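Remarks on the structure that follows.
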């Protein structure tokens, strides 16, 4: 049976509510720092190349360290691990603030601290994803994932406004101190959270080498007929779809809408994401999740194709809002399905593979679309990549459908421990 809309009940759970609020504050700080960090690099260099290099330094750790983060998540208590990474993240944020406030900051220091910050996040993210399964009952996992999406997308809208006001009123340095403070809030909130951390003990075998755990995770991901096609679809979206974000200024310039129009375009994409996340958090349990997720991924790619060919600003805004909403639906449903399809002692490694497929492919996708843009022009490059993304998702979904029957909606009894 479908569950009733139970988002309010989940937020009435003080355990989850404390975690959700602390996580939201931490994410808000990260978005605030990200905006200020880009502005700082531009102020120091006036170089688009340095901005691109900063983006690479913040996304590369996901490619390098996500799988290691999954192994660590399956070996140690996730709550303690999250507290440790939140505490450690205070250091680069505080250093960045101090060096900027003292006027001693250099681009190389920004890049190094950005890489360190992103490395800590790459090690933390698999544990954060997997921790939800220990924090809430399996029947409410989809609502927890959706509420996380609400929080994440809300901070994407609010964070830039906070950064802009703070930089205009007080300069860049306070934005980094805001982020450092947000990590402190996130760490302290975890002190009051209780979790069923004992469920993963079977995966913590004394004397077992991390490499053996990593290989075990690879075997599971590659052989499981439920997990493999979902991760493939996430990788396709990450590689061929998500790189549209750095191209938004080019389309704004082509449409002649300027910086203000670019802001509206970004807000439409973020607003569509937020509305979809809110709708999911209130929705009843979705059956046939794989079908709905694949349909959302196809809609995302199709919306990007429309966006790439649009010559009319209102159509552009509509396509961006549709793409943002479809992307959130796709990722939320995949996240939920992966968590329920994974054994408890393997969940950290599976969610690490999810992070790698989504975030780790970003540098490769950005380089690919950038190379295509140099040859074909930006609009045709995005048209090609979005068309390829759409075709590949259609093929992968129907191929996986022939190999395994639709599992539909897992109940609490069907979820793997």
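Yeah, the Cβs are placed from backbone N, Cα and C, and that goes for glycine too.
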Next on the checklist: Checking feature assignment: transmembrane segment per TrEMBL, candidates 292-309, 382-399, 400-417. Which range matches?
Outcome noted: 292-309
Checklist entry - Looking at 51-73, 74-96, 189-211, which one does TrEMBL call transmembrane segment? => result 51-73
Checklist entry - Are the transmembrane segment (315-338) and the transmembrane segment (257-280) close, by which I mean at least 3 Cβ pairs under 8 Å that are 6+ residues apart in sequence? => result yes
Checklist entry - Counting Cβ pairs under 8 Å to the transmembrane segment (105-123), which of 51-73, 144-170, 230-251 comes out on top? => result 51-73
Item to check | Same-chain residues at least 6 beyond the ends of the transmembrane segment (51-73) whose Cβ lies under 8 Å from its Cβ atoms | outcome: 34, 37-38, 41-42, 81, 110-111, 114-115, 117-119, 121-127, 130, 210, 213-214, 217, 246, 347-353, 355-356, 359-364, 366
Checklist entry - Other than its close neighbours in sequence, what residues sit by the transmembrane segment (292-309), given a CB gap under 8 Å and a spacing of at least six beyond its ends? => result 230, 233, 236-237, 240-241, 244, 251, 286, 315-316, 319-320, 322-323, 326-327, 329-330, 333-334, 337, 379-380, 382-383, 386-387, 389-390, 393-394, 397
Item to check | Contact set, same chain, for the transmembrane segment (230-251): CB under 8 Å, 6 or more residues outside the stretch | outcome: 52, 55, 221, 262, 265-266, 269, 290, 293-294, 297, 300-301, 304, 307-308, 316, 323, 327, 330-331, 334, 337-338, 353-354, 357-362, 364-366, 368-369, 373, 378-379, 382, 385-386, 388-389, 392-393, 396-397
